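Record features, source TrEMBL:
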- 34, 66, 121, 181: L-threonine binding site (BINDING)
- 57, 61, 143, 151, 195, 235: ATP binding site (BINDING)
- 12-199: domain 'YrdC-like' (DOMAIN)
Ligand code: TXA
Ligand code: MG
């Protein structure tokens, strides 16, 4: 690998250097509006294999491929009418579509974990877009964290987890949304939600004029059937997480939401005003801050199951799941 440069500013010179590193088969971490991605050439089996290795990710869990837009998506996958509708409204943005791979497309088979589908996303972050343009490659980009751990929303989070495994980390500041993209499969007639995320299901249904089926949720025995990535324990801090907490137990840190009388020596509030967008943006960084030696666990107050709260609760249930 080329020299490890660590965190660098996402200016034109470093984006150009990052594009060269990607073309040489190296990995580069880059900011998106959701979380930081661990980028590699999605057409190179070697680069994709290095992503799985760097993350310690099971190779049956396929990766998201980032592209510049609908035209690039159409080169790699077949686009049913619903894809045009959703792309028109939500791309660029936090929406990933699982689509039938085009036969003989130039993508690595490994990126799809051997399946005949591929997950495509057009990111909105200007640095991600500049990197896609400069490299002229589709970029495989899972969240830039070791598999099963908390996703990164700052360049420093990436350095903490994967610093010695990437050629460089482009620093684009904290991620605006802070939760991964919504993943929707368009493989069957009825669109299916594989992962709740930055775009609410209600917005998708309004756009499509039809219902979106929910994939098996956390705790469901059938989970994993349609979403190979829907492993139960995920986004996990080192210490146990207790969700829906309405009281405190000895030694626990507190992750609050909204106004509260609960207190703890170590505490953070996702949104004192009870705003779900603010809470989503703070979630991963606050979990990291509270996950410190000396606490017995992290108690998380209830989060309303509406809007972005659905995606927040999905991540919290996984963080709390048995390891
Ligand atoms: O916001 C995001 O989506 C971030 C940023 C970096 O773009 N990326 C991300 O990637 O979260 P990753 O690899 O951590 O999550 C990919 C998700 C997994 O749940 C995976 O199982 C699912 O997408 N996925 C990928 N390809 C799939 C496929 N062909 N069929 C079904 N699910 C797929
Ligand atoms: Mg991830």
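In case you wondered, yes, glycine gets a Cβ from its N, Cα and C as well.
Shown on the structure are the features that TrEMBL records.
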residue : record                   : DSSP (3 states)
34      : L-threonine binding site : coil
57      : ATP binding site         : coil
66      : L-threonine binding site : strand
121     : L-threonine binding site : strand
143     : ATP binding site         : strand
151     : ATP binding site         : coil
181     : L-threonine binding site : coil
195     : ATP binding site         : strand
235     : ATP binding site         : coil
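Each of the binding-site residues 57, 121, 195 was scored by the number of other CB atoms within 10 Å of its CB, and the largest score is that of 121.
Here residue 143 (ATP binding site) comes close to 35, 36, 37, 38, 151, 152, 180: these same-chain residues lie at least six apart in sequence, with C-beta atoms under 8 angstroms from its C-beta. Checked against ligand 2, the binding-site residues 34, 57, 61, 121, 181, 235 give no residue with a Cβ under 6 Å from it. Among the binding-site residues 57, 151, 235, not one has its Cβ under 6 Å from an atom of ligand 1. For the binding-site residues listed here (34, 61, 151, 181), the lowest count of other CB atoms within 10 A around the CB belongs to 61. A Cα-Cα distance of 20 Å separates residue 61 (ATP binding site) from residue 34 (L-threonine binding site). Looking at residue 121 (L-threonine binding site) and residue 195 (ATP binding site), their Cα atoms lie 14 Å from each other. In this view, residue 66 (L-threonine binding site) is surrounded by 27 other Cβ atoms within 10 Å of its Cβ, with every protein chain counted.
In the predicted model, the domain 'YrdC-like' (12-199) has a mean pLDDT of 97. Residue 181 (L-threonine binding site) sits 8 Å from residue 195 (ATP binding site), taking the C-alpha atoms as the reference points.
Residue 195 (ATP binding site) sits 13 Å from residue 34 (L-threonine binding site), taking the Cα positions as reference.
The Cβ of residue 235 (ATP binding site) has 24 neighbouring Cβ atoms from other residues within 10 Å, across all protein chains displayed.
With 57, 61, 143, 151, 195, 235 listed as the residues that bind ATP, the site has a largest C-alpha separation of 18 Å.
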